[in-house]
Amino acid sequence: MNFDEESVQPKRGFPNKSLLLAACAACIGGTFQYGYNVSVINAPTTHVQNFINQTWRERYQTDMSVNALTLLWSTIVSIFTIGGLVGVTIGGTLSVKLGRKGTLLANNIFALTAALLMGLSYPTGLFELLIIGRLLTGMNAGIGLCVQPLYLGEIAPTALRGIMGMGTSIFITVGIVAGQVMGLKELLGKEEYWPILLSTTCIPAFLQLLILPWFPESPRYLLIDKGDDEGCNKALKQLHGIAGCDAEREDIEKERNDLVDFQAKKPWELFTDRSVRWQLLSVLLLNAAQQLNGINAIYFYADYLFRQSGIPADKIPYVTVGTGACECIAALTCGLLIDRRGRKVLITGGYTLMSICCILFTLTLSFQDASPVVPYLSMACVFAFILSFGLGPGGVTNILTTELFTQTARPAANMIAGSVNWLSFFFIGLVFPFIVIGLQQYCFLVFLAVCSLMAIYICLVIPETKNKTFVEIQNDFKTFSHKKAHNADRAGPTLLLTST
């Protein structure tokens, strides 16, 4: 390598400053909102329930029954997932009509309206506004989770697509930690501040509206979907610099040439397209497993485990912040490794470590009373499980969902993946309490099966996508599909011969 090559090489390893700022602007009003609104609702639980009961008493001169209050609170919390499902079903369509950047900007309408409604719920005495507000925050999160990975995956150069795509996972975890911190008593966790706490979802929305308009639309969307050559060139120069835009333009041209006369696909068209059946199956399994692998169950169960470990009740919120910080650190580490070690190594390793944690978790739960040390081992398993998730499935799943499809199929694939993700999220929240009742300390054996089976599937089916263009990834799946078909053809005559 000569001196000139050495001087150029480091530049390839670091994203352009404009590219980084564009990614941050997309994430702060995108998946950050998802993480923030998942966690921020936990701190004011008692305060909001008191408000609901007080409002009910003023209206009907009687206290609300415990069951009715529990049902209403569960509705406020869980309708977020319904909103997310609605958001993800319209997010893909909006991303084609308004563009990736345009959809992200328009999405802030839901966040701002939700913040206004939830902030007004207390002074107006209308707890119904909380339900509508949570529904709208869910729609905002659903659209963000669908469209933001599209934008990040399409503005990033091939060599940096992994670390840029990790922005989705990193900002989710940062949002979770931010929501947990804002809910501490030292900040907005006091009873009189809960309306302000729930309305702070407007802050990321305002920030995105101020920053994102300064950055361009996805160059791939401009050239392939809109045929805007001049707009694509300007976007590439701003995002990658003059020196780095030619190679990216060539990559986009290759993908466009492969997609001549192809229109953006609808979700139902992917199910009938045999050329993407393995990609679609992989995305369905990856996104279902991301919610069903036990990570949400860990968060649901963490409060109980920390109490079992002897941690005082008033200290548990701070330990909970530690779990969020743990996942955030894991996501950042994954971002540093993903373009070096590859997607397949990280996600397979993550699921393998999670499987081991499930076994250890089952043992510590089974022998909880054997020694005073065992509850603390359970707590260690919680942190180890979260770290394993953040290092692999937590970040890589979203990247693979974007990488396994070309431009015309990508929005529809993200709609399908997002729908599966939200339905699985709702399902585990609904079913897990019954799993605990039925299986008790053996409940995490269910997640052991999910994690181990996914590790095997990824090893056998999903190719490594590191440093590959979208067209090259598509060709890898075509080769795999042809091999499967060839093996099936060879197996047919063999079966006939053995049966005669």
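Each Cβ is built from the backbone N, Cα and C atoms, and glycine gets one as well.
Unlike curated entries, TrEMBL annotations are predicted automatically.
Look at TrEMBL and you will find 19-36 (among others) tagged as transmembrane segment. Beyond the transmembrane segment (19-36), the same-chain residues lying 6 or more positions past its ends with a Cβ under 8 Å from any Cβ of the stretch are 84, 101, 104, 107-108, 111, 137, 140-141, 144-145, 147-148, 151-152, 155-156, 164, 167-179, 201, 204-205, 207-209, 211-212, 214-216, 239-240.
If you take every residue in the domain 'Major facilitator superfamily (MFS) profile' (23-466) and average the pLDDT, you get 87. Annotation comment: TrEMBL describes 23-466 as domain 'Major facilitator superfamily (MFS) profile'.
Listed as Cβ neighbours of the transmembrane segment (71-92) (distance under 8 Å, sequence separation of 6 or more from its ends, same chain) are residues 34, 37-38, 41, 45, 48-49, 52, 64, 103, 110, 127, 130-131, 134-147, 267, 411-412, 414-415, 418-419, 421-423, 425-426, 429-430. Sequence annotations record features per position, and here TrEMBL assigns transmembrane segment to 71-92 (among others).
What TrEMBL records for 104-123 (among others) is transmembrane segment. Remote same-chain residues near the transmembrane segment (104-123) are listed as 26, 29-30, 33, 51, 87, 94, 98, 129-130, 132-137, 139-140, 143-144, 147-148, 151, 194-196, 198-202, 204-206, 208-209, 212-213 (criterion: CB distance under 8 Å, separation of at least six residues from the stretch ends).
The transmembrane segment annotation in TrEMBL covers 129-151 (among others). Outside the transmembrane segment (129-151), and at least 6 residues removed from its termini, the chain residues within Cβ reach (under 8 Å) are 26-27, 29-31, 33-34, 37, 41, 48, 75-77, 79-92, 94-95, 100-101, 103-104, 107-108, 110-111, 113-115, 117-118, 120-121, 165, 167-168, 198, 201, 205, 218, 398-399, 401-402, 410-411, 414-415, 418, 421-422.
The annotation transmembrane segment is assigned in TrEMBL to 163-181 (among others). Panel annotation: around the transmembrane segment (163-181), residues 15, 19, 23-24, 26-28, 30-43, 145, 148-149, 152-153, 155-156, 187, 317, 320-321, 324-325, 327-328, 330-332, 334-336, 338-339, 390, 394-395, 398-399, 402-403 of the same chain, lying at least six beyond its termini, place a Cβ under 8 Å from a Cβ of the stretch.
Positions annotated as transmembrane segment by TrEMBL: 193-215 (among others).
Summarising the annotation, TrEMBL assigns transmembrane segment to 280-301 (among others). Same-chain neighbours of the transmembrane segment (280-301): 270-271, 273, 323, 351, 354, 358, 382, 385-386, 389, 393-394, 397, 400-401, 404-405, 413, 416-418, 420-421, 424-425, 427-429, 432-433, 435-436, 443-444, 446-447, 450-451, 454, 457, 461-462, counting only residues six or more beyond its ends whose CB sits under 8 Å from a CB of the stretch.
The feature transmembrane segment is assigned by TrEMBL to 316-338 (among others). Here the transmembrane segment (316-338) has long-range neighbours at 39, 42-43, 162-163, 165-167, 169-170, 172-174, 176-177, 180-181, 183-185, 189, 299, 302-303, 306-307, 346, 382-383, 386-392, 394-396, 399, 466, meaning same-chain residues at least 6 beyond its ends whose C-beta is under 8 angstroms from one of its own.
Sequence annotations record features per position, and here TrEMBL assigns transmembrane segment to 345-367 (among others).
What TrEMBL lists as transmembrane segment is 373-400 (among others).
Summarising the annotation, TrEMBL assigns transmembrane segment to 412-436 (among others). Beyond the ends of the transmembrane segment (412-436), by six or more residues, the same chain brings 78, 81-82, 84-85, 88-89, 91-93, 95, 142, 145-147, 149-150, 264-267, 269-270, 276, 279-280, 283-284, 286-288, 290-292, 296-297, 300-301, 401-402, 404-405, 443, 446 to within a C-beta distance below 8 angstroms of the stretch.
Distant neighbours of the transmembrane segment (442-462): 278, 282, 285-286, 289, 292-294, 297, 344, 347-348, 351-352, 354-355, 358-359, 361-362, 365-366, 393, 400, 432, 435-436, 480; these residues of the same chain sit at least 6 beyond its ends, with a Cβ under 8 Å from one of its Cβ atoms. According to TrEMBL, the transmembrane segment annotation covers 442-462 (among others).
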